Every structure is written in structure tokens, then in C-alpha cells.
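Peer 1: Pasting a structure here, questions to come.
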Amino acid sequence: MEQVMASIPDFEIAETGISKDNSAEAEQFKIRVDEIFQKVDELEQKVNEVEQFNLNSSKKQQSSSKGSSMGKERDKGRQVPSIKKQQQDASRREAAAAKRMQELMRQFGTIVRQITQHKWAWPFMQPVDVKGLGLHDYYEIIEKPMDFSTIKNQMEAKDGTGYKNVRDICADVRLVFNNAMKYNDEGSDVHLMAKTLLEKFEEKWQLLLPKVTEEERRRDEEEAEAQLDKQLVREAAHAKVVRDLCNELYEVDTHLEHLRETVVQKCRKMSTEEKRNLGTAIARLSMEDLNKALEIIAQSNPAFQAMAEEVEIDIDAQSESTLWRLKFFVKDALELQSRSAMSTGGNNNNYNNKRKKDICNAIAKTAKKNSKKTSS
């Protein structure tokens, strides 16, 4: 970059073309630029947040892409609920689900009573009297003791420590009988009693299981809908952030453009040497930036065809405003071009290379003509 800028002496960063007499006005420009930089930093933070949200949303969409097309079509027409409505819906769902689960637990309680009323249920009604029966190895064999009095207390608990769903009770009922069969020999009375009651329990459980499965499916669907509503609210909030961000970016862009135009209008008249250096600098631009430079010329000269096959640029024929706009653009473009030179390759497009060469030759020829006119 230093080599490039050294060959273009009037493209130093410190030079703006504004008269030194307007120091107070220049200071005002500096303050406005500082304010814009601060605003840009804030917008950059918002852009990073938007990008992170988009990344997370993309990952979620990929993980849920296996969903049915019918479900996706349904979600498209789904209205975005308010946060208050979300909370109300969640409360209603939880209350309805708790009521349905209480009914299932009531029906399961009926099964438990039927089992505990069997004549062979008595060994399993209370915790095993390990010490009284001299069962010194009981806790070595049985990891989690269980009995029906413990199950009953859990089912009737009102302090929030009780069972939350039917499957937990089912697991403990099975544990009662499995513990008995595990500790007692297969031929013993207790083992036979436990095995018989477990079989009866499983028969009754199979009758209730479809209702339990249906309730679980319903809960899963409701939870999925609740998560979708939350996601829609987040996306709606995100969309608003994006809209606000776009508006703020537009305002900053407009402000910068206005500031640049003001600076250009305040610039002094460009010398012949500066114009020649500008033409030399334009020849150093990449094809992409060269096209942008041509667009700047076209903005103040509607008759100029920037994308024509043959383009002739007369630097001396350009307005002072256009010349300074070109100078600012070329300086920024060359700085960026130099910084990225080590990490990007050249463009090998033959058409682009030929077009650039033709344009640069046209600039050079025009510069020579103007130079001869000046010297004569």
C-alpha cells in the first residue's frame, strides 16, 4: 500500500482539499464524522446480533427439517401470538394437562387398590423389616426398596413431592414385585406371590396404557406448539430489529452521502497535476472498482455510457464535484485493494482485462492531449 500511495503524492490520507482557512468548519465536520463512527459501532453490534440469530435459526430449521410438509404448511399460516396471549395459553394448557393427568392417576389408583386388595398382597404393603427378619444382605442385593405404603404416600402427597405422571407410579409398582423376585428364590412363596401379582398388574396396566400414550402424545404436540409460538414471537421481534436496523443504516448512509457532498462542494479547484495523478490512480483500480468509478462519472453526466464497449474519459471535462468524488473513491478503493492484495487472486477474465486496458489507454491518450494543450 505504501508503494502505491508513494507514487500518488496528492492521495495522502491527511489531504482533503478543504481550505485551511475553514478550520472551524473542518472541526464541525470532524465532530459529525465521530458521531457517525459511534453510530456505526452500535449498528455493527446489532448486525452481529442479527447474524447470530439467523445462524441459530438456520440450525434449528435444519434439525427440524424432517418434519412433515403438512406441518410446515400449517405453520406458514400461523399468526404470531403476543407474549401475554402466550402466557395465557400456557396457563390454560398446563391446567388442562394437569386435570387430565389427575384423571389418569385416579384410574391408576383403582388398579393399585385392586392389586393391594388381593389375598397375596400383604407381604408388599409395608417396607421390608430388614432388621426384624435378619435380612443382613438385603441392601446389598436390593438397591432401591419399594412397597405399597410408600407408593400410596407419594400418590397422596400435596407438597409437590408426589408423582408427576402415571409412568412413575407404574415403575415403582413393578419395582415392588421385581425386588421381591430378585431377593427371594424362584421356588419360594414370596417369589411366586410377587410374580403372580405382577402379571395381574401388567394385564390391567395394558388396558390403561393407550390412554397414557395418547396423553403423552397430546402433551408433546402442545409443547411443540408452545415452542413454535415462542419461536414466532422471537422471529417477529427479530424482524422488527432488522427493519429498524435497515432504516438506521439508510439514515447513516444518507448522512454520509450528504456529508461527502458537502465536503466535495467545499473543496478547492483541482490542479492539472492532481488531475493527471487522478487519471494514473484510476488506471490502478480493479475492474470492479473501475466500473464504479465510471458510474460516478455517469451520475453527473447522463450522456456518459459507463457500460459501453468503448469508453473515453476526459478528466479535464469533469466537474470539480465529480473530480473530488472520484478522488475520494479511488483513494479508498486503492487502500482496500492493497490490504486485500495478499489474500485475493487476480481476475483472469480476458474480456475484463481487455476492457480495463482499453479504458486506461483512453485515459492516458486524453491526458496527453490535455497536457499538450496546457504546454502550448
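Using N, Cα and C of the backbone, Cβ positions are placed for all residues, glycine too.
Pulled these from TrEMBL:
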type	residues	note
REGION	52-98	region 'Disordered'
COMPBIAS	57-70	compositional bias 'Low complexity'
COMPBIAS	86-98	compositional bias 'Basic and acidic residues'
DOMAIN	116-191	domain 'Bromo'
DOMAIN	260-341	domain 'NET'
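What's the neighbourhood like for these features in this structure?
Peer 2: Averaged across the domain 'NET' (260-341), the predicted model reaches a pLDDT of 80.
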Peer 1: Mind checking how the domain 'NET' (260-341) divides into helix, strand and coil residues in DSSP?
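Peer 2: Reading the DSSP string over the domain 'NET' (260-341) gives 56 helix, 1 strand, 25 coil.
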